[in-house]
Structure formats: C-alpha cells, structure tokens
C-alpha cells in the first residue's frame, strides 16, 4: 500500500467536489458536492494517521469533520428550505440579491 | 508470502473501491436526477467507509456509515422531497457557465497531484500487514477527551448552534 | 544571588487585584440600579452602585500597595529576582497548555499600583462629575470592568491572558467613549476607536500565534516545557533572547505583527487618529484612558515582551529600531497637531500621543527603565490635566471644552484648578524637578548617550514643542479676557465659527447638551469645583511634583531602577542561574555604567571587546562602552553586561533572563539643552499667545487669513495631515472600488472568455484573444483609467454578480493558483 494511492484518491474526489460546487445550480446538489470534498479530507486524515504509526489524532479529527459535516448539512438544508419557501425555487443563480 | 498476499488483497480491494468511488462521485456531479445523485452519493460514502476499514480505522468507518449514510443521506432525500424538486430528470440542474468548473477543478487537481507525487513519490504506508498499527476506540476516546477536549467543546457548541439554527430557519411563521 | 525568602502573601496572591473589580462589575450590573441615593444630614450618599465601584478600586489599591511594599522588601539587596509566577491551567489543546495566572515582577507591580491608584481617584472624581447622568450605573460598571481588564492584562502570565485583558479594555473603551451615544458624533467616535484598535488587534492575534508557537517549539527542544508554556511571557522572552538563528525571521515577523497592535492601542503614528476622537467620552474616561490604562497598554506590551521587540524590530542590521522610529515620528507629528486644537481635551489628547511617542522612542533606543518610568510619571500629571479640563468644563465654562470660545481669565475664579493645572503642565513640559523631567530627560539622555543623535534631537524638539503648546493652552484657558461661557454668556449653539471643518469639533463638545446634571448651579457663572473634584486634583498635582523623586539621577536616587528594572543575566537552560554570590554593585556595573558607591573601578566594562551590534559601539571612551560579552557567563564573579543587548548570542546551554539596559551618568551639563529649550518654548509661546489672543494689540491676529504659508500650514495641521481623509476617502473608497472594478473586468473579460472559449473552435479562440486581450486589455486599461478619472459610477454597480457559483469558482481558482505559486517558488 502506498501513501499516495489514498492521497490521490482524496485529491480526485476533492476536484470532483469542487467541480460540483461550481457547476451545479441546484442548492441540494451543491451541498452534496461539499460532502464529497469533506470526505476526501477525511481519507487524507486517516491515511496520514496510519503513516504516523496509528496516531489517534487523525482519527479524532476525522470524527470532528464528520460531526461538522452533519451540522453543516442540517443548517444548509434548513437554509435551502427557507429559500424555497420564499421563492419557490432553489436555483442558486437566481439568488443574486447580494450583488453590488 | 502470506504477508505479501495480504497486501495484494488490500491493494485489489483499494483499487475496486476507489474506482467505484470515482465513478460514483462523477455521477453525483453530472447526473440529471437529484434523487439519483443522492443515491450515487451513498455509494461514494460507503466506499469511503470501506477505505477507512482498509486504513484500519474501524471506529471512523462505523461512524461514517451511521452518520453519513444513516442520517445525512436521509436528510438530503428529505430536502429534495420538501423542496419539491422534480423527482425525475431535470434539465436545469447546472449553471449556465458550468464549464467554468472544469478548468478550476483541473487546476486544483493538477496542483494537488504535482505536490503529492513530488513529496511522497512511492512512500509505503506499511511494509508488512502484521505491522499495521491498531488504533483502538479507547485510544481515540483518550485523544478526544484529553488533548483535544477544547475542540470537542467547540464542536459541541457548533452542533448546538446548528440545531437551534436549523429549527429557527426552517420553522414556519 | 537568588532570592530565597518567600515573596510574601500579597505577591503570591496578586491575582485578587483584578478579581475585586471584576466581581464589583457583576454586582453593579446586577444590583446597581436598585440602590437609591440616601441622604444623611447634609450629605447625599450616591446610590446607583457607584460606591461599589469606588470600594472595589480601593480594595484593589490596598492589595496593589501591599504587593508593591512586599516587592520592595523582596528585591531589597538582591541581584537577580525571578518573577513570582503562578499559573493554573485554563485549557489545553493538542499539547499546548494555556494558563491563567500571574507574573509579578517590578514592571507589573508598578503598573498594578498605578492603575489601581488612578482608577480610584477617577472614580471618586466621577461621583461628582457624572452626578445625575442618565446612565450613571452603567458608567460605573464599565469603568470598573475597564480597570479590571487593564489589571488582568498587567499581571498576565501568558499572552492569551494578556489578550483577554486587552480585549476587555477594548470593549469597555468602546462603551465608555460612546457613553452618550445618542449623539451621532459620539457613537461614531466610539466606533472609530473600536475599529482602529481592532485593526491593530489582528496583529496581536497573529503575532501571538507566531511567537507563541515558535517559542513552544524552542522550549520543547530545550527541555523547558515543565517550566514554561510557549505562550507564557517568560518563555517567549527567553526564546527571543536566546538568539537562536533558526528563529530569526519568525521573530521579526512576530514582532512586527505584535507591534502593529501596540501602534493601534497606543495611538502611535499611522493609527493615532482615533485618540483625539475618543475625547467624545466623559472627561473622567478620557483621563483614565489617557493616563494609566488603554493607551499605555501598547507601551506596556512592548516593555513586557521587550526581548521580542528589541531583537525582532531592528531595521536590517543597523542599530536603529523600528519602535524608536515610530515613536520619534509620533512625538513630532502629535505635538504639532496640538497647536491648532481649540478643544482643550484635544490638546491633551495629542500631548498624550506625543508622550507615548517618548515612551516608544525610549524603548526603541534601549532606555527601558526611563521609558517605563515615564509611564509612571506621565500617568499622574496627565490624569491631573484631564481632570482639570473636566473641572473647568464642569464649573467654569458650562460644559464647553472650547478654549477659544468659552474660556479665558479663569485663574482668578478657579484657583485650585489653575494651580494644579500649572503644576501638571510644568511636569508635562519637563521643567526641572517636576516629575516629568526625571523620566523624559533620561530618555533623551540615553538616546544621546547611545549615539542615536536623530532621536536625541527629536527628543529635544519634542520638549520644546510640548512647552509651547501647553503654554498656549494654559494661556487660552486661564488668562486673557473671559470669553463665552467663562464670562457668563451661555450660548447654546456651540458650533465653532473659526473652524474650517466644524464637524471635527462635534465629537468633543457635542455631549455638553446632554450633560444632564442640573444638580449644581451651572448657570451661576464660573466658580471653583466642589471637593470631590478638587481632592483628586490636589493629590495628583502633589504627585506630579514628587512622583519623580524615586528615580532622580540628578540626586543619585535610583530606587525605581532597583525595584523595577529586570536584572540582565545569563541563565542556564535548566532554569538555574549560573551566578551565585555577585554583589549588587557589581551587577549594576555590569549592565550599566553607573555604580552606586564604589566609584570608577566597577564602572569600567567587564570585558573590553565590543560586540558588533551593541548600540554603544563606536563610542569614544571605554568609560561609556557597554561591556562586550565574550561568551562566557562568568568572569571573575562578575555579571557580564551585554546579555540581552541586540545581536548578542549567549553561550551554548544558556539564555538571557532579561535584556540589558545601558545607563549613562547624569550630568547637569547634559540636562541643560533640554532646559533651555523648555524656557525658550515658554517664552516664545507666551509671546505669541499674548500677541495673538491678548486684550489690546493683536498684530499677529488673523495671520492665518492673511499669510498664505501660515494658512496652508494651519489647514494642513487642522485637517490632521489629511490622515483621516486618507483612511476614509482614499483607502476605503480608492482601494475597495477599483479593486471591485478590476474584479469585474476580470470577470467579464477573462472568465467569460474562458467559458466561451472552452466551447468554441480555435478560430474563435483567436478572435477572442484579439478581441479581449488586445482590444479588451489595452483599451480596457486606457479606457478604465479614463473612466476612473471621470468617476462614473455606472460601471461600478454590477461589479459583483451575486452568483454563488462564480464566487466559489473564484475562491477555488485563487486558492489553487496561490498554492501553485507557493509550491513553485519553494521547489
């Protein structure tokens, strides 16, 4: 097992996630893409934990990331719901009130 | 001999799971159907759990299955349902300038791949499967509740805030 | 010799000093409003919780005084005294422990005593000054918490605790400056103070992270982690003094970041603009802020982490220190501004800025002790001056602070205020034998003695300017014809007819209309203030005379040095001092050129070799040559002197405990130029004042209208060098808008170009290249600059599309590009 095989898998997932964030218009799909990014980070954390001889620090932070991701999805979906209720649409490119 | 075969088995497992994950991830970001995207996401998340097992992180793998596949995916499906997105094929899931994502993603991927290969070449994780260090759940809990207690508290507050925030946001009135 | 005796109860338990006001704050907030005024005979006992505040400050003062006395006993006859450190783990994360605790040494004892003392007097004064105010309780609550914040900061054992105190003070200053927040100008002033200081505070956070984590690494590498955490003051000091070349650039950047915080807090040159506006708060607040708390915090931080700043902020390889440069600029810049102010409090505000410049300059030229001593003396007379100004406004000028309009001729009506003001002004100006003279003169002396001739000249010029503007303020306030309110005329319209920019004035005197105390007979014309105001004035004025006597080189009194100055000495990394049994006089000879009793023999440098970076390098005689340090810690039982001077690297396995301070012998001849300049400043200024503002002949009056140079200079100073205009008009508008504009152009031309290009053929790409790169870029730049000059706002509006996905793309692309550049540069 090489360290790099895991890291490269993480990198690929990360890039795919970034593509999803940029390209997707539907807010729920953008949230899913963010989940991809977070998972790629976790793979990196655990790979490095193993590389450092089973350092539990990596595991700890992987768990923290999972918890943060859960919170993020909760709030994110609540936001999406609110937007939907107000505008009957969750297309992100229509949400441009913040433009200067 | 046995040791080598153990590694080979792990490498084969990694290859298959990684392939499934990449395909699944690509489908998540390209499919025209929101529900399908959620299901592909489940596949990727399950694959990630399998990778954690290969990395001998059993506790994290279990948590991944429970939290992600059990809760987060269900949340996504609920979200999809509540926002009454078209359950079938939709044509407007992408932005008008979705192509912008391709160069950005490729730029990122290129940078990452260059850095990773440059710095880790062919560094081995473990030579011998017998050497795979075993991280016990006890060690993890010690780690959480001793050196990383403050982040844990902070996280608790984040979760609490998210809980209240989600309720406040989603409440109807 | 290491002190072996127990430090004493008050030193061991110094942490109660900030605890008392903190508890009092909670009590005032909880119960203050329910306590009514009670009347006993002729006297009214003020309710509203104000007495809780006063009592808590008295309690703090008691403990601080106890600590000071014990510290004097503790250090008496000792050579090297370790700080009394105490630390409880507050939280820890990933192996780094952050404690709450106390670090009691000479510096912190001195400032603790000062803060407790000044706060007590200011609170007593406020009992009368704020009588009947509508947020009386809140005022005392904030004031008490403010003092608590400063006290926490002063005895902080580590940087995180220091930040805690620092930020409590920032918050309270915001609340206090905006005490009368209904007036727009006041709330603006408080916001300005808050944001300016916050700008600097980013530096504090970044700097603490840089310095603390590096120190942690060094400490772990040297096996000291049982004694210090990386964030502790002492750990950081040792790390900085160790001269480890591995950390050289880290030290520099950490020091720069921390110094930005000090500039913001202490109102040093580029970020001094908030201080005069902070005059919008009630006068007791100004006096507390400007004497012993808040603005002193920046100077205190430099003095506290002196090794970091002194080692880290040397400009390239010269001996010139950035602290000294900033301090020097501030002295002159602020002193000149004080000349054009018509608001008495603003004159004092700029004089504070200028005096803080002296402290910074002193720290920068290696005059640690005099700079810290200047904190001590300055607090008394500056507090007194502000309280005098408040007294004048309270009883003499009907809540107006405008010297030109509402004052004049008050010395007959308010004798006590006049006398205390004059004494404090003389102390501020550095008239010999007043408190300010001892400290200021030694700063100037050391600047000269250490061959910093530019800073020496700046110090002298500053003394001249200080005298001149204080003479002007005194004349306008107390002499000449009574004008406006001082003459009994109550003009409710306070807008100033002379002012080119009336709005600049609004901040300070806008609150007079709000001053809701009808309790006293403000309409009875000018009169002396009641005793609750006069009492603190008299006490402070007395101290403005005698407070300097504890360190008077002119009379061979060096008590302050003995008690407060950290003794420079190399210690081994295991924490044990290397030296045993050196007597005090020898040690004094080691880091200074002065000996208390033994005469010439010890005054000679211990080792003759000059260190390449010693600030005294190149001085003429061996007499004034600081001791070179050859690398061995002991030489015939002497402490060798250069430990802690810049560029010095201790021997392997040792580090320095404190930076050395090089003193110079006091001579009357050296004090003469400063004195002459003070006299000159007084004569010129009074002559100009009489001709400008005098009763009869006024040949110079209206000069600013007649003479174009004078007018230009006046306008330039009146507009505060246009720095505010620069910050608001140029930086905010000038940078934010073109940046947005550039991003828009990038967005429209480049990113859309990429998108379009991805989907089209090569011919099309060529066309686009032609169209956008050639036409778009070249013409765009030309047209863009033209458009910017015209100032058309139409193109600016859609700069930000508001589309999340585009922002995301920009974010990731920028991050990837930045990472790529970093990788390519480093590979």
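If you go along the chain as it appears here, the first residue is 1 and each next one adds 1.
For all residues, glycine too, the Cβ spot is worked out from N, Cα and C.
According to TrEMBL, the features are:
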- C:51-72: transmembrane segment (TRANSMEM)
- C:90-140: domain 'NADH-Ubiquinone oxidoreductase (complex I) chain 5 N-terminal' (DOMAIN)
- C:107-127: transmembrane segment (TRANSMEM)
- C:156-466: domain 'NADH:quinone oxidoreductase/Mrp antiporter transmembrane' (DOMAIN)
- C:162-181: transmembrane segment (TRANSMEM)
- C:202-219: transmembrane segment (TRANSMEM)
- C:288-310: transmembrane segment (TRANSMEM)
- C:322-340: transmembrane segment (TRANSMEM)
- C:347-369: transmembrane segment (TRANSMEM)
- C:375-395: transmembrane segment (TRANSMEM)
- C:416-439: transmembrane segment (TRANSMEM)
- C:451-471: transmembrane segment (TRANSMEM)
- C:492-526: region 'Disordered' (REGION)
- C:498-507: compositional bias 'Low complexity' (COMPBIAS)
- C:508-526: compositional bias 'Basic and acidic residues' (COMPBIAS)
- C:537-558: transmembrane segment (TRANSMEM)
- C:594-631: region 'Disordered' (REGION)
- C:600-626: compositional bias 'Basic and acidic residues' (COMPBIAS)
- C:674-693: transmembrane segment (TRANSMEM)
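Taken through DSSP, the domain 'NADH-Ubiquinone oxidoreductase (complex I) chain 5 N-terminal' (C:90-140) splits into 29 helix, 13 strand, 9 coil. Residues of the same chain lying 6 or more positions beyond the ends of the transmembrane segment (C:322-340) and with a Cβ under 8 Å from any Cβ of it are 256, 259, 263, 267-269, 272, 276, 302, 309-310, 313-315, 346-347, 350-351, 353-354, 356-365, 447, 452, 454-455, 458-459, 461-462, 465-466, 468-469, 472-473, 714, 717-718, 720-721. Scored on C-beta pairs under 8 angstroms, the neighbour of the transmembrane segment (C:674-693) with the top count among C:51-72, C:162-181, C:347-369, C:375-395, C:416-439 is C:416-439.
A mean pLDDT of 84 is what the model gives for the domain 'NADH-Ubiquinone oxidoreductase (complex I) chain 5 N-terminal' (C:90-140).
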